[in-house]
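The following features are taken from TrEMBL:
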BINDING   94  substrate binding site
BINDING   124  heme b binding site
BINDING   125, 176, 179, 184  Ca(2+) binding site
DISULFID  131-163  disulfide bond
DOMAIN    47-257  domain 'Plant heme peroxidase family profile'
């Protein structure tokens, strides 16, 4: 994405279609928006500095009390773009139903390796996803009317109660059903028992011996996961960053300031 470089997606505007409503767009970030609004009210004179600080704090896992997670030094001086690219997002971001080979290829094109793929996927330890993002796994994974065999049947039965075969597209579900508000390695433990809600999650455990071993490793060792996640976040943050005089620092991360 070429919008707000850290975590958010661009909203639709009159002449620009944003990335916020993409199938794989971030969900469950209402608490982040509350912090943005609070900072804008308290520090309106210094809004640019305040919003930048908020976003750097968020990257360190320091915004939402009780969430936990690793911390790392965030490179400074990064700026936001003046436009958005739906096509770029569709081309560069893995879809929820992606195969592992597709995910690895898209990460590799950005300079990220298999270790980064697995570690960064661990971000799905918090947040939500929509019914439309995983419905095919419940009813018609391979186009033959059969559910995904790699999804725990008991878990699938519970998901079907709120994710019907048609309708309910926007119904939200926790990405991590066990500790949805805590940043930990439970995501990887879920994959071990086939409770990864997205196909793009569970394939880490089912489609490659190399990624399977990493999933097992992070499921066993929370500190190791934290350590690698921090390294991979810094690495991802160095993908073609915008710096002065390019771009801007947005007061509202979901839209440009004066364009």
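Placed from the backbone N, Cα and C atoms, the Cβ positions cover glycine too.
Feature map: TrEMBL annotations on the structure.
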| residue | record | contacts (Cβ under 8 Å, 6+ apart) |
| --- | --- | --- |
| 124 | heme b binding site | 175, 176, 187, 198, 201 |
| 125 | Ca(2+) binding site | 175, 176, 179, 182, 183, 184, 185, 186, 187 |
| 131 | disulfide bond | 162, 163, 164, 168, 169, 170, 171, 172, 173 |
Other CB atoms within 10 A, centred on residue 163 (disulfide bond): 23
Fewest other C-beta atoms within 10 angstroms, as judged across 176, 184, which are the binding-site residues: 184
All-chain count of other Cβ atoms within 10 Å of residue 94 (substrate binding site): 21
Cβ neighbour count (within 10 Å, all chains shown) around residue 179 (Ca(2+) binding site): 17
